[in-house]
Amino acid sequence: MIFLTLEHILTHISFSIVSIVITIHLMTLLIDEIVGLYDSSEKGMIATFFCITGFLVTRWIHSGHFPLSDLYESLMFLSWSFSIIHMVPKIGNHKNNLSEITTPSAIFTQGFATSGLLTDMHQSAILVPALQSQWLMMHVSMMVLSYAALLCGSLLSIALLVITFRKNIENFSKSNHFLIGSFYFCEIQYVNKKSNVLRNTSFTFRNYHRHQLIQQLDHWSYRVISLGFIFLTIGILSGAVWANEAWGSYWNWDPKETWAFITWTIFAIYLHTRTNKKWQGANSAIVASMGFLIIWICYFGVNLLGIGLHSYGSFTF
């Protein structure tokens with residue numbers, strides 16, 4: 001009873017903190033001058049990390065097994081993974097755009113985990129025989145970590161596509177403006193010369209910073225997806241070994257296995273396109289954006305349908 005109460009306390013504290021962090025992030029978008037707000041949000045994510053870590057350790061001690069046996073535990077571990085990804089670049093004082101991705105992702109996963117849909121899973125249960133293996137920690141932790149990294153990288157790629165699309169629209173409208181302006185009389189062009197110079201200068205300055213942002217998003221999405229791809233590969237290989245021990249076959253084309261293979265293929269294509277400079281940037285980001293949808297199908301599909309060999313911890317509405 002004490003462990004269960006402690007789990008609830010830590011869960012609600014972490015959810016409250018990350019909600020406050022979201023609010024601070026929204027405020028910093030409107031008020032850039034207040035540096036203290038940004039520092040507070042960083043401290044909030046650190047506090048969230050320790051609260052979720054405490055929850056996972058408490059549930060591990062209480063249940064007697066690594067807390068990755070159902071959807072509720074995996075969602076909490078996914079939220080913990082987002083906080084890890086958020087903090088790792090801070091160790092080297094690297095500037096990145098991950099905080100705008102990891103913080104909403106953490107609150108989304110925690111909000112869904114603590115919702116009424118998964119109330120039956122809040123109480124830890126005894127593992128089914130197939131899950132009573134030392135491979136549970138290795139396989140499932142690698143898979144959930146890969147989901148977190150790949151989701152963050154895919155969201156960065158989606159942000160890159162949105163910014164690139166807006167940039168192309170502005171460039172197109174500006175070219176049309178010049179085309180129409182060429183039919184103006186010389187007198188009108190002379191009068192508007194100074195205003196056009198100022199407008200062009202501000203446009204070029206905005207394009208320069210937008211180009212820098214696009215490069216940063218492309219750089220970090222590639223690094224995060226590469227890390228997630230490594231985790232996914234390790235998770236699939238360890239799962240194959242575990243499947244051979246539990247079911248007598250390395251691969252059974254189970255729905256979860258099939259979608260994991262599709263996910264691995266999509267991001268392998270993404271990494272392959274990155275080797276060609278012509279395909280870097282928006283072209284490779286399109287592939288990563290497709291992977292965002294595939295990951296959620298792989299992660300939630302089996303749990304929603306409750307079919308296949310990986311239907312442990314499935315839930316119904």
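In case you wondered, yes, glycine gets a Cβ from its N, Cα and C as well.
Where the annotation comes from TrEMBL, it is an automatic prediction and has not been curated.
Look at TrEMBL and you will find 12-32, 44-62, 144-165, 220-243, 258-273, 285-309 tagged as transmembrane segment. Residues annotated as domain 'Cytochrome c assembly protein' in TrEMBL: 68-310.
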**For the transmembrane segment (258-273), sequence-distant contacts whose Cβ falls under 8 Å of one of its Cβ atoms, 6 or more beyond its ends** = 143, 150, 225-226, 228-229, 232-233, 235-236, 239, 279-280, 283-284, 287-288, 290-291, 294-295, 297-298, 301-302
**Message:** Using a Cβ cut-off under 8 Å, which residues of the same chain at least 6 positions beyond either end of the transmembrane segment (44-62) come close to it?
**Reply:** 3-4, 6-7, 10-11, 13-14, 17-18, 20-21, 24, 73, 76-77, 79-80, 83-84, 86-87, 99, 102-103, 106, 124
